[in-house]
Amino acid sequence: MNGPDCPSSSHLSGTTPNAGRSWEEIVADKQRTDAAKIPLEWVLPPAVVAGAEARRSLVGAFIEGLLDAETCQITDMDVPDLVGLMESGAFTAVQVTTAFCKRAAVVHQLTRNMLEIGFNQALKRAAELDDYFRAHNKLIGPLHGIPFTLKDQFHIKGLETCMAFVGWIGTFEGHKGTGKEREFESEIIKEFHGLGAIPIGKASCSPETSNNILGYLWSPHNQHLSSGGSSGGEAVMQALKGSAFGVGTDIGGSVSMPASFNGVFSLKPSSGRISMKDVANTGPGQQIMPTVAGIMGRSVTTLRLVLKSLLSTEPWLQDPYVVPLPWRELEDYCPGKDLAKLKPTFGFMENDGIVIPHPPVQRALGLVKRALQEAGYETIDWGPPSNLESHQIHGHIARGDGCPDVWRALQLSGEPEVPQIRGLFEPDGPRDPMSLPEYQDVVVHMRDYRNRYQEYWMSTAGLTRTGRPVDVFISPVTATAGLLPEKFFHAEYTNSTNVLDFPTVVIPVTFVDKDIDVADPNFKPITETDAINMAAYDASAYHGAPAAVQVVGRRLSEEKVLAMAELVVEALNLCKAKGHG
């Protein structure tokens, strides 16, 4: 499922593929099978695992203390550096893949975040790439030998896809005897194969990344807080450096929010830039506001490299829903010019008029704004059509049919609903769907909202020094720097970008400091939701959690959003070097 919302249709089987076995037995069997896929020499002592559960943070020195020096050296590197070292012959694909598999194994034992483990087949593929390199003295592609992980929605030959549904275990999307079990692959996996990237496993998912197979997934920066959802497993993997980059899915912040909560970079593209062909999903028939595949990593540079590499495969030739839009270099936006010299203008949405962000998010926004201004960039207030409208639109489109397929997927095994999705249903089944005319009215509203948002964006040309519209705007990712379980009240900072189909890049900025990010005793809420959200804030409970912002651009402007995000990172680094952040 994707984020706090789960679009749905009627594509799931109503049969019971695991008849005669309780859901608990099915889960226990899967856990034993997956545990056996971890080499004995990588298995952590029970005392270490128990000790980790009691810790507030798992990042940095703690996890690296469980690894050897070479594993730390390799897994601490970013993707471009790893590619360069393999091209020079300093490292082999087997060395790099072994290091990441080992670290991923440790991450999984500490956090229980992998629904599928594929170390053996990953190492086999790495050996094939090394053979290719020795025979041809060149890399097979721009991601040669780079180990990566994905949210458990993507089909990989040799691995299963359960998408956190117990009833999907041992099946193909809830069906048995299809001939596709462990044989079928998503289009994006085929693209990565040709590029040289190596999938090593698939990560946990669902709202707040809570499910009956692996349990509740916590943020490794602060294990009192959620990893977020629904791509939280992938965000945790990136935060603990268990793979070189990751792929999740997003329909309402399901990539962006976990990236924010776990302190990693992410790209949520517009629909039609990255293939979703043959990817398991809830509600595949809902194409008005489609689910998109997003990228997570340690830097904007990695996000850029992965997207550029995927587009080099011309995915539109295999997937008719991918826009035939090749990668555009900087000069395609501003021929013969340096983007920084154009002095782009950044819009700033400090709050959306519905919910004011918690103090650490406000501080992160302030740090970014100051950094950009000190670097000489213009910033203006951003006041577009209200996110209240996007809230109404998003909920109706995402859940307009009552989520019957999610309900049926749960019934396949008889597993109970986790609290995070219980509100989707009536006590005895799915909610009644909207009528087709009602649904079409919502689509008309969405079209009107998009038109007015575009008109507002273009009107900002009258507010900027350059006489050009704002290039991108910056806003909170969520109104909170972290998420206490079942205390999530406002998703519109990200939901709106899905309604508008805008690309976004999440940038980690700082961390919650209980001595700095204290609640304002004179805070006056602007809405009832704002009051509820601020009442949930506790500086001590949130201490150590990452605080991030998102850079948002117009539809299908991924290259520009990435370039602008790099300017933000450069400005922040310069500001920190001066001791201002």
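Cβ atoms are placed via backbone N, Cα and C, with glycine included.
Whatever TrEMBL says is automated annotation, not expert-curated.
Sequence annotations record features per position, and here TrEMBL assigns active site, charge relay system to K151, S230. What TrEMBL lists as active site, acyl-ester intermediate is S254. Annotation source TrEMBL lists compositional bias 'Polar residues' at 7-19. The domain 'Amidase' annotation in TrEMBL covers 96-562. The region 'Disordered' feature in TrEMBL is assigned to 1-21.
Across the fold, the C-alpha of S230 (active site, charge relay system) and the C-alpha of K151 (active site, charge relay system) stand 9 Å from each other. Its Cβ placed at the centre, K151 (active site, charge relay system) has 34 other Cβ atoms within 10 Å. The two recorded residues, the residue listed as 'active site, acyl-ester intermediate' and K151 (active site, charge relay system), show a Cα separation of 11 Å. Secondary structure from DSSP puts S230 (active site, charge relay system) in coil. Taken residue by residue with DSSP, the residue listed as 'active site, acyl-ester intermediate' is part of neither helix nor strand, so it is coil.
S230 (active site, charge relay system): 36 other CB atoms within 10 A of its CB, across all protein chains.
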